[in-house]
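Written out below as structure tokens is the structure these notes cover.
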């Protein structure tokens, strides 16, 4: 078969040059017909010869649009064909993994296969993951150009088989930029940044792909400073992928503010964002609760003819509005979406769940099924979360069982964590422990952390000690494990045990994440820590809190001293509780925001029990809605009660 290849046709080499370094580039369209043409005689009237070029373009157009039936009709109707004709149809067949055999048959019938014909088939094997056939085909090919070598190197690199990729790379005589890119990107994806960096430095030409690969690698390895250095030192023009790599890297490394600043710089340089980049930016807005910035991004989406109907961009906006507390805006946008995939439904269901609106979340799940959208594992995390926040234990158990029974979605660690939380909050701690023991895989740290949190709520010391022990075995540097256990002891006034836990924590060099709250007033974010001593308006805030405390006590408020986790006198405990960060933020909102307007506060940890109780009283006294978002959900306080119904 391979002996038919005619290497003395240099004019044909130009045709396949576009595929160099990208084995997928030549595979466009999809197949829908099993009928294969027979080779035509090579001698045809000159009128047929004149029609080859326009008909070849027509075949290529059909293939590109996925209409292989149309391509075949044109092919069969042609009086004369050249190698380009056969190659164009071959591209379509090779796109569909189920038609590899038919692609082979078509390839065998090409009268004069050229280098492009061989590269199409080679890419077909690589794309379908059949590397044994790909290697054999490559070894037997009578002619190997740069595209052939790069296809194999890139294929192995994508599979993280870097030894094989490296062997081919060093055997390749005429390496080009694509060859170096494949090796650098492969080592980055394999997590071998040291070797990737060495190849990057040795590369004779460094294109934007190589620079971007190094930035991506450093960001994934949490080496933000090295990524910044590469970005700054770039000697080629940055493309959109480069900007996206930096922005998403910042957001993923908890530096969302830097990500948003860089996004603004990108826009100022005239680079237009795509949906992928906007997803990272909007995630950063969610983490910072930067609603104003998120609205500006929404304007960018609305003004773009491509982004205004892009399902990824719109879904990211829905998610951002939900996480920034604007559930109404999220719902309006969701309703206006012309198309909704499972990710869009998940975003809206999760939003309602986080805000404690279980009935609406479950209703939306039912509507999703009516719309023939099949739920995935993330959908059920959202559904179980909705049940969790509303205390719907039996309903949650039913959804957990139906997940496998009706939808064939296998439970994942996140589902078990939700179920343990659901049972634990309801006080069914032994059942939660039995569920952990029944897990079909090794329990993870989060599930024991969740059980420990439930033990903290219900003051179960014995089970709490077990959960803490298991948690710290799996994650010895988990500060929450030490803190929650100390909190359980403190609630029982076992101060010696509290001191022992804190000593062990110190010996293990584990540092507790400091709790803080923040509120945005007139486009400026104000941060507060417990017993804050820095804010310039602290005197006015303390005065406001004392006024509120007097009114709260008259209304029946009594400080819950168990949440003052220090062995000090009762009066000092009350003072410490009054100066918790969320209370300071709420008081500042009362001072600075118009009377009756909504106050929205964010906290990096879970809201404490005394603050929750106090803010219920504050909402009634101040006659305004107060919204607090902590790490698990939104609490909407209004008229002296919370949307969680005290179940949190």
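Any Cβ shown, glycine's included, is placed from N, Cα and C.
Over in TrEMBL, the protein carries these features:
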type	residues	note
REPEAT	82-117	repeat 'PPR'
REPEAT	145-175	repeat 'PPR'
REPEAT	176-210	repeat 'PPR'
REPEAT	239-273	repeat 'PPR'
REPEAT	310-340	repeat 'PPR'
REPEAT	341-375	repeat 'PPR'
DOMAIN	556-648	domain 'DYW'
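Remark: secondary structure over the domain 'DYW' (556-648) totals 38 helix, 16 strand, 39 coil, with classes taken from DSSP. Counting residues 6+ beyond its ends, the repeat 'PPR' (176-210) has Cβ neighbours under 8 Å at 20-22, 146, 149-150, 153-154, 156-158, 160, 162, 165-166, 169, 216-218, 220-221, 223, 234-239, 241-242 in the same chain. Confidence for the repeat 'PPR' (82-117), expressed as mean pLDDT, is 84. For the repeat 'PPR' (341-375), the DSSP-based tally of helix, strand and coil residues reads 26 helix, 0 strand, 9 coil.
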